[in-house]
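See below for the structure under consideration.
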Amino acid sequence: MVNLGNAVRSLLMHLIGLLVWQFDISISPVAAIVTDTFNSSDGGRLFQFPDGVQNWPALSIVVIIIMTIGGNILVIMAVSMEKKLHNATNYFLMSLAIADMLVGLLVMPLSLLAILYDYVWPLPRYLCPVWISLDVLFSTASIMHLCAISLDRYVAIRNPIEHSRFNSRTKAIMKIAIVWAISIGVSVPIPVIGLRDESKVFVNNTTCVLNDPNFVLIGSFVAFFIPLTIMVITYFLTIYVLRRQTLMLLRGHTEEELANMSLNFLNCCCKKNGGEEENAPNPNPDQKPRRKKKEKRPRGTMQAINNEKKASKVLGIVFFVFLIMWCPFFITNILSVLCGKACNQKLMEKLLNVFVWIGYVCSGINPLVYTLFNKIYRRAFSKYLRCDYKPDKKPPVRQIPRVAATALSGRELNVNIYRHTNERVARKANDPEPGIEMQVENLELPVNPSNVVSERISSV
């Protein structure tokens with residue numbers, strides 16, 4: 001049996017040796033150092049690099065580990081430093097990235113070490129249940145985070161007013177703490193069981209794997225299948241609510257446009273028949289200001305719904321990837337327990353060894369999903385890879401003082417409005433009317449033209 005210090009050094013030397021050996025660098029000095037260092041203390045159990053043979057799967061695993069750790073560190077940095085990402089959903093995604101990063105730091109390297117030793121556990125035996133517990137903890141935390149995100153978004157869309165009361169940063173942290181508490185509660189029994197009875201965590205007294213059928217069944221349903229069912233149901237309910245809100249908004253907006261057209265028609269008729277428009281009787285004096293408020297509301301509401309749809313699309317891809325990556329492992333794990341000796345146990349073990357690594361790969365895919373489908377994450381990752389860690393500064397806002405009512409010609413009105421806004425003007429420059437009254441109040445103009453211009457025009 002090796003001690004913990006030698007085991008850690010052995011793992012590091014194996015990783016270095018793999019990289020050097022894989023790229024055909026002269027490895028005889030490295031092999032000699034590794035052999036001389038560990039053969040004396042490791043009882044001759046050091047994994048030997050065969051001459052002329054390259055272990056491409058092992059190198060691929062090393063690359064996956066590096067990408068998993070690096071990608072999730074970028075996600076954590078983006079949510080921490082970008083103010084645009086400071087919301088409940090992204091706090092959950094940052095906590096999920098922490099779990100995935102810990103998978104790359106603590107779980108994957110030990111699993112690679114087990115592969116290099118041909119699934120014979122090379123570390124102290126008491127570390128086996130600890131490693132299994134960490135594996136279950138982070139896997140459970142991943143599915144619980146996705147389940148919590150799905151529930152939180154559904155409640156936010158279904159009852160936005162009620163949800164806004166509980167959507168502060170503190171409340172989001174409390175929800176994340178509950179997710180981690182549930183995950184810890186699922187994984188804590190493993191080291192307790194394993195330290196009392198090593199047969200529960202060792203197969204053939206050599207391979208470190210969870211060997212308690214009851215815990216495998218209960219843990220699989222509690223940690224995977226039940227949260228997965230909740231996540232899928234709430235996700236489809238969210239899509240349904242968004243579609244219904246879109247249809248209701250479009251129908252309401254269409255009716256409003258018809259009402260506006262009717263009102264404009266009445267005003268034009270009154271102007272032709274009665275001369276001045278301001279002297280024409282308005283059938284509903286309150287219609288005009290109310291119409292102005294309604295014209296702005298559908299645009300903002302539709303934009304909010306479109307943003308929710310985009311976010312739901314990204315999260316849906318994350319959910320789908322997680323489902324595809326982890327379902328094979330958990331289904332095979334349950335089948336191996338239910339069928340017992342009727343199944344080919346060697347085949348089941350090989351399938352589980354492959355499927356568990358497919359699940360590990362999921363921890364490194366999420367940052368790629370964010371990069372492909374979210375511009376804010378993509379820009380943040382690009383900045384950090386260039387070693388630019390300065391947060392984006394908000395553009396300054398210029399305050400335009402209140403302008404008194406002034407008689408302007410049509411051409412002057414066009415010039416002044418086009419100078420301060422990109423919106424089209426109702427009257428053309430060659431309007432035959434000599435002048436019109438205009439008053440601008442509370443006009444805010446950001447330097448960045450992409451921002452929304454807020455202005456109020458009356459007495460036109």
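Glycine too: its Cβ is placed from the backbone N, Cα and C atoms.
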**Asked** Membrane-wise, does Swiss-Prot list Trp56 and Leu347 under the same topological domain?
**Response** yes
**Item:** N-linked glycosylation site: annotated position in Swiss-Prot, out of Asn87, Asn204
**Value:** Asn204
**Asked** Looking at Asn205, Asn260, which is the one Swiss-Prot tags with N-linked glycosylation site?
**Response** Asn205
**Item:** Disulfide-linked residue for Cys208, taking Swiss-Prot as the record, within Cys128, Cys147, Cys269, Cys270
**Value:** Cys128
**Message:** Tell me which of Cys327, Cys339 Swiss-Prot records as disulfide-bonded to Cys343.
**Reply:** Cys339
**Prompt:** Roughly how many Å separate the Cα of Cys339 (disulfide bond) from that of Leu210 (ergotamine binding site), to the nearest whole number?
**Reply:** 17
**Message:** I'd like to know if the transmembrane segment (215-237) touches the transmembrane segment (57-81) in this structure, counting it as a touch only when three or more C-beta pairs sit under 8 Å and are separated by 6 or more positions.
**Reply:** no
**Message:** If I take the alpha carbons of Cys208 (disulfide bond) and Cys343 (disulfide bond), what is the distance between them in whole Å?
**Reply:** 21
**Fill in**
The recorded positions listed are Cys128, Thr140, Leu210; by CA-CA distance, the one closest to Cys343 (disulfide bond) is Leu210
**Request:** For Cys128 (disulfide bond) and Thr140 (ergotamine binding site), determine the Cα separation and express it in whole Å.
**Result:** 18
**Message:** Validating a neighbour-count step here. Other CB atoms within 10 A of the CB of Cys128 (disulfide bond): how many?
**Reply:** 24
